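> Below, the features straight out of Swiss-Prot:
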| type | residues | note |
| --- | --- | --- |
| BINDING | GLN87, GLY105, GLU106, GLY107, LYS108, THR109, ASP512 | ATP binding site |
| BINDING | CYS896, CYS898, CYS907, HIS908 | Zn(2+) binding site |
Amino acid sequence: MFAPLLKKLFGSKNEREVKRMLKTVQLVNAFEEKMVALSDDQLRAKTAEFKDRIAKGETLDQLLPEAFAVAREAGKRVMGMRHFDVQLIGGMTLHEGKIAEMRTGEGKTLVGTLGVYLNALSGKGVHVVTVNDYLARRDANWMRPLYEFLGLSVGIVTPFQPPEEKRAAYAADITYGTNNEFGFDYLRDNMAFSMEEKFQRELNFAVIDEVDSILIDEARTPLIISGQAEDSSRLYIEINKLIPKLKLHVEEVEGEVTQEGHYTVDEKTRQVELNEAGHQFIEDQLTSIGLLAEGESLYSAHNLSLLTHVYAGLRAHKLFHRNVEYIVQDGQVVLVDEHTGRTMPGRRLSEGLHQAIEAKENLNIQAESQTLASTTFQNYFRLYDKLSGMTGTADTEAFEFHQIYGLQVVVIPTNKPLARKDYNDLVFLTAEEKYAAIVNDIKESMAAGRPVLVGTATIETSEHMSALLEKEGIEHKVLNAKFHEKEAEIIAQAGRPGALTIATNMAGRGTDILLGGNWEVEVASLENPTPEQIAQIKADWQKRHQQVLESGGLQVIASERHESRRIDNQLRGRAGRQGDAGSSRFYLSLEDSLMRIFASDRVKNFMKALGMQSGEAIEHRMVTNAIEKAQRKVEGRNFDIRKQLLEFDDVNNEQRKVIYHMRNTLLAADNIGETIADFRQDVLNATVSAHIPPQSLPEQWDVAGLEASIASDFGVKLPIQQWLDEDDHLYEETLREKLMNELIAAYNEKEDQAGAEALRSFEKQIVLRVLDDLWKDHLSTMDHLRHGIHLRGYAQKNPKQEYKRESFTLFSELLDSIKRDSIRVLSHVQVRREDPAEEEQRLRQEAEALAARMQFEHAEAPGLEAQPELVGEEVDVALAAAPVRNEQKLGRNELCYCGSGKKFKHCHGQIQ
């Protein structure tokens, strides 16, 4: 009730933030005259002066006004660009660890230099994160002259980079790279076998460009390093033959069955389910081809893998469509990003889904993979001491940024007032009528000399639009996932008079559409252009620029609404950059997926009740409200999925922190003798307690079992029964002491034989390898736990609490296994004396030999009830890989196959 009044009196929170920063802008401006008077050398010397002042205790906040003034003056001299006052506000927002929302064309890249320069003065490093390698290289090379003028070094991290080159890039003051590369390097560092192999320093400050794309759109997709698992291509091929035989089961709202079938599809959650008839049909089919034993159920424990393959095949056929979710290119299934329309070469769906699509398309089926290390962007970026970001569209997701990352969004005022006109949506009954209206709008705009950008949600739609335009004889360029190599070139010239560009979603994001075209691209295409040629190109561009402005600027036409309002706003933001003229219009139909799935029947009935004729459109607030309500509903559902992923990964993250801390401590230590001694003590205590229960009588002791366990775990045969017979004073505590003394003596004897230096080095390598191997198995176990944990809800149990409880138990067992297996290997192995340099070389060669079987994945995470597809990016890297396992693998906690009655991990599953 009082909120509007208070807002009117005191302004919104955003307005108060901007007003506060304007005071600091005045301080920066006060330094400008002084900076102009400095020579280049004097201006450059300011960087060393600032570093010295920081060393003496001055803070970055205290340096900010003068440092920003230095960066602004350097920008004028080196780049020929002066930071506007609103850009200074953007720089302050970044420095304070917030998100700056800036309209398209307001100079986000230049704004970034302010916060980056100030924070790089600390000497702790700054990471500038972009959405793709092209933008990382472009921005780094664009701003490199400015930073180097100020005495700062710049590095770029890219895939397939030589290790020394990548290490140098991370050692630079400012490092550019993609979110994927920074995340994978973090995982690689935590798989290194020496401190020298690591790349990253402490994670200090990151500036994320297009922060909404990275922290929101890609937040559901974990980063995974994996190795190859067993080959099951025949299974995919056989099941692929069965899926087309299944029929869709359809029910009306009242529950009346209109079509009997085997499976149902929920388009909202993108899930497909077999019904009872479907299960029976599949079981009969699998039995007939020999994949399922007679009378067995798909739900038997040993058939769950088969059930997973069936569902993968079903989803591949019914939920994934060629030229929508993926394309086939060079004999491979290439995924398409639903948010940008870009292809994602190398990225693969997991849980067998990618292989199922390959089988569906009759392509070569690639092997599945096993997780070796993983994290999420949510948890990776929260490792930075300070995080900030820039984007043109963040305000609609402000709640999520604050809830998940603790980041505040500040909307930065535009340098010039926004002149773009955003027209109301036009809604048609059918898609055919909608497309006809779009073509008419295009003709009118082009006749007026306006450039036109048509945004589509899928490749299929863009190709359909292209076909319609070709039929009309209208010249145009298509920018979608199939032609993304030409993105920058096409987008750069999309602002020419009468130019028509069809773009899938936000393809080409990061490159501005300049009215009249981009004259710099024209100059760059010439070989050794003369000053006269450059002047002529500029003059021609100026004429075109003025012509487009007078005709009304860029016209943005959207062929449908996206699930997210933010993506719609990004498309609108293509027009009207830096106060230019422009307009936008969305064309919709009741056949659009968003309207069909989420808009209520009431809206459809309302439109039909109006008696609309063919080709007529409606502009009504009720329809617009219904669309926005549907978008909010989808955004809320997607937020819940991302939040759920984080809640589950937070459990994994705490375990990840413990393991990675243990690993880094081992790597940094020259001597881990104390750690080995602690392991030995813990393993012995656990072994004794297992055979001598607390407060038990000697008659209850399992002495024979204790002797066998000591021999198995420590490689020493001790006559414990004989000791007890000969010494009446041996009770539980004194027996532990005697056992420990014997074990230490045996280990010291091994050390005398091998040499202390050789054994110390060997200890570290063995513990690291045991830790990595068991951690890999633990990750696999945790994955299986998470996939099935939602079923606990049927037993009236909280799945999240159950997951936390069971994962804690599994992690405790993991830590025990690391100790036991490390001691077991060290106790049994025979260490020979060898030159330490030779040993290091041997280990390095071993790691390189295994590297070919490593993969990178950027995978879509499963939810609880709905389990979305897992997306992964597979790239060869120079890291030690897991061995390929072709045999059936027993779980660590299953009974051993030898019949001993022990768990597999405590018997033949221990490292030999």
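Glycine residues also receive a Cβ, built from the backbone N, Cα and C atoms like all the rest.
What's the neighbourhood like for each of these?
In the three-state DSSP reading, GLY107 (ATP binding site) counts as coil. In sequence order, MET81, HIS83, PHE84, GLN87 constitute the residues six or more apart from GLY107 (ATP binding site) in its chain with CB-CB distances below 8 Å.
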> Would you count the other C-beta atoms found within 10 angstroms of the C-beta of GLY105 (ATP binding site) for me?
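Counting Cβ neighbours of GLY105 (ATP binding site) within 10 Å gives 21.
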> What does DSSP say about ASP512 (ATP binding site): helix, strand or coil?
coil
> Mind checking which of GLU106, ASP512 has the fewest other CB atoms within 10 A of its CB? They're the binding-site residues.
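Minimum Cβ neighbour count within 10 Å, taken over the binding-site residues GLU106, ASP512, occurs at ASP512.
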> Fewest other C-beta atoms within 10 angstroms of its own C-beta: which of the binding-site residues GLN87, THR109 fits that?
THR109
> Write out, in the order they occur in the sequence, the residues of the chain not among GLN87, GLY105, GLU106, GLY107, LYS108, THR109, ASP512 that have a C-beta within 8 Å of the mean position of the C-beta atoms of the recorded ATP site.
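Close Cβ neighbours, site residues excluded: MET102, THR104, LEU110, VAL111.
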> If the ATP binders are GLN87, GLY105, GLU106, GLY107, LYS108, THR109, ASP512 per the record, what's the largest distance between their Cα atoms, in Å?
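It comes out at 17 Å between the most distant Cα atoms.
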> Determine the Cβ neighbour count for LYS108 (ATP binding site): the number of other Cβ atoms within 10 Å of its Cβ.
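LYS108 (ATP binding site) is surrounded by 25 other Cβ atoms within 10 Å.
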